[in-house]
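Over in TrEMBL, the protein carries these features:
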type: ACT_SITE; residues: ASP14; note: active site, nucleophile
type: ACT_SITE; residues: ASP16; note: active site, proton donor
type: BINDING; residues: ASP14, ASP16, ASP182; note: Mg(2+) binding site
type: BINDING; residues: ASP25, ASP100; note: substrate binding site
Amino acid sequence: MLMKKTSEIVIVFDFDSTIIEMDSDNWLLGEFGAIDKFYQLLPTTPWNPLMDRMMKELHSEGKTMDDIVEVLKQTPMHHRIAPAIEAAHALGCDLRILSDANMFFLETIVKHHGLDDYFSEIDANPSYVNEEGRLRISPYHNFVTSPHGCSLCPPNMCKGVVLERIQRSVGKEGKRIIYLGDGSNDYCPSLKLKESDYVMPRKNFTLFKLISENPSLVKAEIHGWSDGEELERVLLQIIDTICVEEKNNTTNPSKLIAADCKLGTINCST
Ligand SMILES: [Mg+2]
Ligand SMILES: [Zn+2]
């Protein structure tokens, strides 16, 4: 692995079934025996408001925020995920999380694993504990007053819209993006990545299947992974590849110009 640090890479992680092994809502509801009720109601209520309602039910059954935190701390995470995040951060990458989970669940789990200092930005559904001690969960986009208008994404969050904002904020600096995810809601942002970017879909999960149906729709380079160990290996390999490219670009600009001239894209005589 390279010793040199890079400031040229932004890594955007999905959370559910990417950083953690499963969906955080499913995990919590399963542990509290509320999963059957949730899936009975899901056909008639969108996920995000239904999760808010389920928190009301758990509260009325006497479940406290402390009970919820204890269950969240047990959420399964592959043992190589934290080392992968630490290594990418140590190499100078700018790490973000872009998740359709709620902020309270996500931050509780991230903090429990000591990873909260590694992320420069977390985008997730807003949540807060109200005066009754009950967790309230809201959609990321207000789909009544300002719908995002994307047909690929659930009404509460279009990850593509958020990714475009990240692209605008880092694009001027020519940074490259590595996007990791598993779900159908990771497809929209994957389509917005550029040729110089990378997408890491989890093998045999929905995002991987959607990309596999028509890989030419994705401009970014595609690298699958199946578990935390492979995620770590593939991610660090991509960072290494980008660092080597960067080094070659800065140490040998004449070679670059020569290559561009062959393609006739720039005028070397000026
Ligand atoms: Mg996910
Ligand atoms: Zn979208």
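A Cβ is built for glycine as well, from the same backbone N, Cα and C atoms used for every other residue.
A TrEMBL annotation is a machine prediction, not a hand-curated record.
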Local backbone state of ASP16 (active site, proton donor), from DSSP in three classes: coil
ASP25 (substrate binding site) versus ASP16 (active site, proton donor) - Cα distance in angstrom: 9
Which of ASP25, ASP100, all binding-site residues, has a Cβ with the fewest other Cβ atoms inside 10 Å: ASP25
Output field, Mg(2+) shell: CB within 8 Å of site CB centroid, site ASP14, ASP16, ASP182 dropped: PHE15, SER17, THR18, ILE19, ASP23, SER99, GLY181, GLY183, ASP186, ARG202, PHE205
The residue listed as 'active site, nucleophile': tally of other CB atoms within 10 A of its CB: 26
Intrachain C-beta neighbours of ASP182 (Mg(2+) binding site), sequence separation six or more, cut-off 8 angstroms: ASP14, ASP16, SER17, THR18, PRO201, ARG202, PHE205, THR206, LEU207, PHE208
Number of Cβ atoms other than its own within 10 Å, given for ASP16 (active site, proton donor): 23
Binding-site residues near ligand 1 among ASP25, ASP100, ASP182 (Cβ under 6 Å): ASP182
Assigned conformation of ASP182 (Mg(2+) binding site) - DSSP reduced to three states: coil
